[in-house]
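To keep things clear, I will list the structure first and then write my remarks on it.
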Amino acid sequence: MVEAIVEFDYQAQHDDELTISVGEVITNIRKEDGGWWEGQINGRRGLFPDNFVREIKKDVKKDLLSNKAPEKPMHDVSSGNSLLSSETILRTNKRGERRRRRCQVAFSYLPQNDDELELKVGDIIEVVGEVEEGWWEGVLNGKTGMFPSNFIKELSGESDELGISQDEQLSKSRPEGFLPASLLPFPAHGAKGKTTFEGTILYRAAPGKTEGHRRYYSLRETTGSESDGGDSSSTKSEGANGTVATAAIQPKKVKGVGFGDIFKDKPIKLRPRSIEVENDFLPVEKTIGKKLPPATSTPDPSKTEMDSRTKTKDYCKVIFPYEAQNDDELTIKEGDIVTLINKDCIDVGWWEGELNGRRGVFPDNFVKLLPSDFDKEGNRPKKPPPPSAPVIKQGAGTTERKHEIKKIPPERPETLPNRTEEKERPEREPKLDLQKPSVPAIPPKKPRPPKTNSLNRPGVLPPRRPERPVGPLTHTRGDSSKIDLAGSTLSGILDKDLSDRSNDIDLEGFDSVISSTEKLSHPTTSRPKATGRRPPSQSLTSSSLSSPDIFDSPSPEEDKEEHISLAHRGIDVSKKTSRTVTISQVSDNKASLPPKPGTMAAASSGPASLSSVASSPMSSSLGTAGQRASSPSLFSAEGKAKTESAVSSQAAIEELKMQVRELRTIIETMKDQQKREIKQLLSELDEEKKIRLRLQMEVNDIKKALQSK
């Protein structure tokens with residue numbers, strides 16, 4: 001027959017439920033799934049929630065029903081919390097009884113609800129049962145409650161057996177009424193401040209508030225439960241006069257139904273904290289028999305963390321300086337030795353390191369990894385002991401180690417500062433002793449390394465002019481066209497000088513051309529004339545040739561037409577040019593200016609133009625250069641005029657053809673649209689006719705109906 005004691009009040013919500021109060025005993029319980037049990041109380045049978053009661057074992061039940069004792073005052077400990085709040089019962093400890101499972105707290109935890117335990121690192125909890133996945137029920141410092149199972153580490157069964165054997169040895173060597181110290185919540189202190197009782201595990205309270213000669217003999221007998229909300233436990237103790245007493249179970253305030261309402265409409269929120277070993281809760285070992293390694297010693301996590309960090313420490317050398325842009329970044333200078341802390345940062349392409357006692361991130365392509373044996377050199381000082389504080393602050397030792405490290409860096413290549421312009425990132429340089437096969441992608445905020453310009457030239461170079469081609473050369477010209485114009489139109493001998501001059505001008509760039517307001521004169525005016533030769537015509541005198549009407553720079557539209565005509569009709573120009581030019585022809589062509597030296601030299605370089613110039617009677621003798629210079633200029637002027645007229649007429653014809661085609665397209669489109677509209681109108685007209693006929697028929701039917709009546 002299963003019986004249970006009520007731990008929380010419950011008011012019946014339905015007819016088949018029981019109204020239970022704290023302290024009542026329910027009998028004839030039949031366990032059912034779903035969180036509800038069926039039992040009998042005060043002659044009435046019904047259902048009740050299983051997490052509002054605690055199952056009672058037979059031996060505990062007899063003690064509860066038979067023995068009662070007056071309440072004892074609560075004792076204050078250093079924390080001010082009331083301990084030993086319930087009365088205790090004395091029951092002789094069964095020597096062969098097995099201990100419960102025990103676990104040690106690995107992470108501190110603050111309770112979120114009333115039925116949860118507060119965990120501190122190093123506490124030992126006796127596990128009552130596993131209520132559900134992730135939550136266990138246990139006893140800690142006389143209080144029963146829930147705790148998260150992932151905040152503790154379970155002690156092995158070997159330690160439990162060792163604890164039992166030690167208790168047996170202690171009980172044999174001690175008086176009959178003496179209790180093992182492992183069952184006491186606090187140790188008693190003698191007159192000299194030493195503990196009177198020693199056992200498997202002792203917890204030390206604050207010495208200032210503990211009464212030295214007070215002894216708490218409390219035997220904690222925690223009953224097993226399948227529910228989760230149990231908080232009180234049945235305990236036994238022996239007073240000074242040996243009286244036996246039964247405890248009045250103290251109820252606990254509950255805000256909701258089931259598990260203390262810890263999962264009501266909210267996800268489970270657990271706040272893990274860093275492992276901090278508190279000296280006040282370190283267990284004390286008993287030297288009798290074997291020691292308890294898992295329960296009595298907890299390694300210092302900060303020490304192990306420091307050891308593992310120093311074992312895998314890497315170093316890198318700064319090859320490019322970088323100025324920190326954010327607070328979490330490091331300012332590194334060329335040649336610094338940075339201690340690597342983490343290569344797997346959130347931002348790809350960034351590493352975390354330490355320099356001069358400051359930690360931060362820096363771009364990985366600004367540094368070079370040092371070989372692994374760099375850390376093993378003998379001249380490095382020994383590692384200082386780890387500090388007790390969590391904040392690692394290395395003083396003069398760090399700077400001294402840094403200076404000694406910097407004495408032995410790998411040699412830097414001499415050609416590193418003089419980087420060529422094609423290299424934009426330091427990854428393209430061959431990196432030695434790198435563990436990564438490839439460089440990661442550039443992060444969004446990662447800067448580019450600076451460029452070193454070894455040529456001392458401006459950042460943007462002017463466009464370099466290529467060699468003079470055989471065909472027509474079409475490119476943008478600046479204000480220097482006036483300088484090139486006179487020499488090319490008047491003399492074929494000056495081609496070499498003009499080419500050298502144009503190359504010099506182009507190397508300077510278009511922005512460096514300075515316009516001149518002086519009028520140009522013919523270069524051959526001061527030369528002596530050959531005897532027996534026909535003087536040049538009046539239109540080719542120095543005054544006429546240097547007149548601003550001929551040598552004025554053309555407008556951009558005329559310049560564009562010159563390029564188009566000479567590019568497409570370079571061969572026609574040489575065929576259509578005549579050997580004799582009259583004054584009237586020159587005067588008629590004043591509006592059209594001669595071409596620039598680059599285009600004229602290209603147009604006259606063809607084989608046809610060269611043969612025509614060689615066969616002309618005016619250029620047969622090579623007496624002077626003054627008369628020969630006039631022939632190519634006049635030929636080119638006449639050919640240019642004809643070419644421009646032909647090009648303009650052809651352009652007009654093409655434009656007219658385009659307009660005709662556009663008009664045809666528009667007319668065709670209008671025809672199609674008109675046809676569609678006519679069809680649509682015809683269809684609508686047919687529909688209207690049908691509707692009208694239908695209405696007419698209906699009207700006739702109505703008339704006939706009216707007449708028949």
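Placed from the backbone N, Cα and C atoms, the Cβ positions cover glycine too.
What you see is a predicted model, and the numbers here were worked out from it, not measured in a lab.
Annotation source Swiss-Prot lists domain 'SH3 2' at 98-157, citing sequence analysis.
Taken residue by residue with DSSP, Ser156 (phosphoserine) is part of neither helix nor strand, so it is coil. What Swiss-Prot records for Ser156 (among others) is phosphoserine, and it gives similarity to another entry as the kind of evidence.
As annotated by Swiss-Prot, phosphoserine applies to Ser159 (among others).
The compositional bias 'Low complexity' annotation in Swiss-Prot covers 221-239 (among others).
The region 'Disordered' annotation in Swiss-Prot covers 221-242 (among others).
Look at Swiss-Prot and you will find Ser227 (among others) tagged as phosphoserine, backed by similarity to another entry.
Taken from Swiss-Prot, the feature phosphoserine covers Ser274 (among others), and the record attributes it to similarity to another entry.
Marked as region 'Disordered' by Swiss-Prot: 289-309 (among others).
Positions annotated as phosphothreonine by Swiss-Prot, on the basis of similarity to another entry: Thr298.
Per Swiss-Prot, domain 'SH3 3' is recorded for 311-372, and the stated evidence type is sequence analysis.
If you look up Swiss-Prot, you'll see 373-487 (among others) marked as region 'Disordered'.
Annotated compositional bias 'Basic and acidic residues' per Swiss-Prot: 399-434 (among others), in sequence order.
As annotated by Swiss-Prot, phosphoserine applies to Ser480 (among others).
Under the heading region 'Disordered', Swiss-Prot lists 511-651 (among others).
What Swiss-Prot lists as compositional bias 'Polar residues' is 513-528 (among others).
As annotated by Swiss-Prot, compositional bias 'Low complexity' applies to 535-554 (among others).
Mean model confidence of the domain 'SH3 3' (311-372) amounts to 88 (pLDDT, 0 to 100 scale).
Shown for the domain 'SH3 3' (311-372): DSSP residue counts in helix, strand and coil, namely 5 helix, 29 strand, 28 coil.
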